[in-house]
Amino acid sequence: MSIRKQARLEAKQFIDSLTVQPFPNSQKVYVQGSRADIQVPMREISLADSLVGGSKKAPILEPNEPIRVYDTSGFYTDPNQPVNIYDGLEKVRSGWIEERGDTVLLEQSNSVYTKERLSDETLDELRFDARIQARQAVEGHCVTQLHYARKGIVTPEMEYIAIRENMGRAKYADEELNQQHPGINFGANLPPEITPEFVRKEVAEGRAIIPANINHPESEPMIIGRNFLVKVNANIGNSAVSSSIEEEVEKLVWSIRWGGDTVMDLSTGRNIHETREWIIRNSPVPIGTVPMYQALEKVNGVAENLNWDVFRDTLLEQAEQGVDYFTIHAGVLLRYVPMTAKRVTGIVSRGGSIMAKWCLAHHEESFLYMHFREICEICAQYDISLSLGDGLRPGSVADANDEAQFSELRTLGELTKIAWEYDVQVMIEGPGHVPMHMIKENMDEQLKHCHEAPFYTLGPLTTDIAPGYDHITSGIGAAIIGWYGCAMLCYVTPKEHLGLPNKDDVKVGLITYKLCAHAADLAKGHPGAQVRDNALSKARFEFRWEDQFNLGLDPDTARAYHDETLPQESGKVAHFCSMCGPKFCSMKISQEVRDYAKGLEENGDIAIKLLDNPLEGMQQKSDEFRSRGSELYHPVQEEI
């Protein structure tokens, strides 16, 4: 059997046998909002008690509060919810959409291509059977979250997001858990508590977006903005030479398990329409696309043959399926293309290169730019956010921050204002390849020219010398630009520049980028960001190994690494690991020092005596140590 067939078979087996798989020692909890149908999911990690005194037979224990963390995994980690890939997910937003009374169900598709696919009986075996009936705005109405926000309406989506962003941190009473460094936020507005009204205001001002197509009611509301938690996007999608529908659905479920806040379907191969339907119906997170990729397939890959009619029909097709945000490379102008001639790596964006080629072939501005207002009109009918693509982003550190890149950025700022005229939500895409000392200029220029619309960057990669490790070269830049104010980071996998990522690559990329996003939240001083760190640090100091694993971003890998050298169950309670061994564990020594100092504090006479005659006190402790056999630690089995 070929490698390709084997991969597809394994993916199909994964889908067919998919069962709910909670994280270890975690449970899904739902926090109810002001109404019964606002149920916000979080993952609650239960922790073991702390040993604070007593003896082996009568230990004194102190309970540790469970820790709640942001959860993107949907019903796939909730054992109380049925999961069936062939039926799709529960439509959590349907009631909210319907009660607003500003949408209408479509009797038939507005897309010619959709009609053709539905009438093709040869595609029946590929089709997702439980398709929803698409809807659009009632004529004369706008149905975007930006429109509602500007009218002063706090939607259920906004309340849901406020609860989700707070992660239940108000319930923590432990001062040790709540301690946090102030951070440096470079002008961001980080309130101590996220309220529904704060969410509404940030969306109304254009500083944040809620990607939520009315035809994707399965999505759990989330927000992308500088003044909220830094988000991470995962890319999936087939190509002409690799992957299948089964593999892409598998990658979707895998992506959201490991923290993908949004997922982009970048399919360029066969059956793009059918693949996307399977993905959207099974996704609790927003789905983004680059419509140009599918439009190019419709003209057999010949960029010069692209036109507005084909592209418009593609927008309608994807809008009716439920795509939440479109990447549109409308800022690639004819006059900017010559600016890339002296670059080391030219134009590296697929969408950017397609439009540059079209502009040169027709010697006119792209139809994306010329028809941008019509694009906005379509987005306003379905509440599709625009992700204005950086088609001229640098593809090497040598090309960073050049004239072409920043010229396009200024045009994206102009397009942002046009989109806002239609109450269409906008975020701005950014580089790319940028050395560390040039990253802040990117953030500053974006804030200046794009009116504080959310920034969404691919890394940036800070060096070009590590193929196979670009999740690290880019993670460095991602953490830095997230600190400066970038709202969402597009993950990079180890396969970047080398090939299409598989399931394992997706996980590595996501864990890397969730780490970077969290590091940025800590550096900004985002309220409550340090709670998880504090809980894990406390568990580490107390040798609560299982809690260390479970509080981490990747419990499975942490446990596996520990068990490579200490696989026995006794290793899970040992007061050392294989790094230092039992005789050189700094934390164990620190515990003994702390316990000794505590004893001195409790007995003032001893403390005074030792201070009066320190040499005598040290000799006394030396004699005690030798009399016990000069053993630094008791055997593990004798520990309490």
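Even glycines carry a Cβ here, placed using N, Cα and C.
Over in Swiss-Prot, the protein carries these features:
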type	residues	note
BINDING	Asn235, Met264, Tyr293, His329, Ser349, Arg350, Gly351, Asp390, Gly391, Leu392, Arg393, Glu429, Tyr456	substrate binding site
BINDING	His433, His497	Zn(2+) binding site
BINDING	Cys577, Cys580, Cys585	[4Fe-4S] cluster binding site
Q.
Max CA to CA distance in Å over the substrate-binding set Asn235, Met264, Tyr293, His329, Ser349, Arg350, Gly351, Asp390, Gly391, Leu392, Arg393, Glu429, Tyr456?
A. 20
Q.
Helix, strand or coil by DSSP: which one applies to Asn235 (substrate binding site)?
A. strand
Q: Quick one: give me the count of other CB atoms within 10 A of the CB of Gly351 (substrate binding site).
A: 23
Q: Can you check which residues sit near Tyr293 (substrate binding site), meaning Cβ under 8 Å from its Cβ, same chain, 6 or more apart in sequence, and list them in order?
A: Leu266, Ser267, Thr268, Ile272, Arg350, Gly351
Q.
According to DSSP, collapsed to three classes, what secondary structure does Tyr293 (substrate binding site) have?
A. helix
Q) Whole-number Å distance between the CA of His433 (Zn(2+) binding site) and the CA of Arg393 (substrate binding site)? A) 8
Q. What is the number of other Cβ atoms found within 10 Å of the Cβ of His497 (Zn(2+) binding site)?
A. 13
(Q) Counting across all protein chains present, how many other Cβ atoms fall within 10 Å of the Cβ of Gly391 (substrate binding site)? (A) 33
Q) Which residues of the same chain, at least 6 positions away in sequence, have a Cβ lying under 8 Å from the Cβ of Tyr456 (substrate binding site)? A) Ile224, Asn233, Ser387, Met427, Ile428, Glu429, Gly430, Cys486, Ala487, Met488, Leu489, Cys490
Q. What Cα-Cα separation, expressed in whole Å, is found between Ser349 (substrate binding site) and His497 (Zn(2+) binding site)?
A. 12
Q. Cα of Arg393 (substrate binding site) to Cα of His497 (Zn(2+) binding site): how many Å, rounded?
A. 15
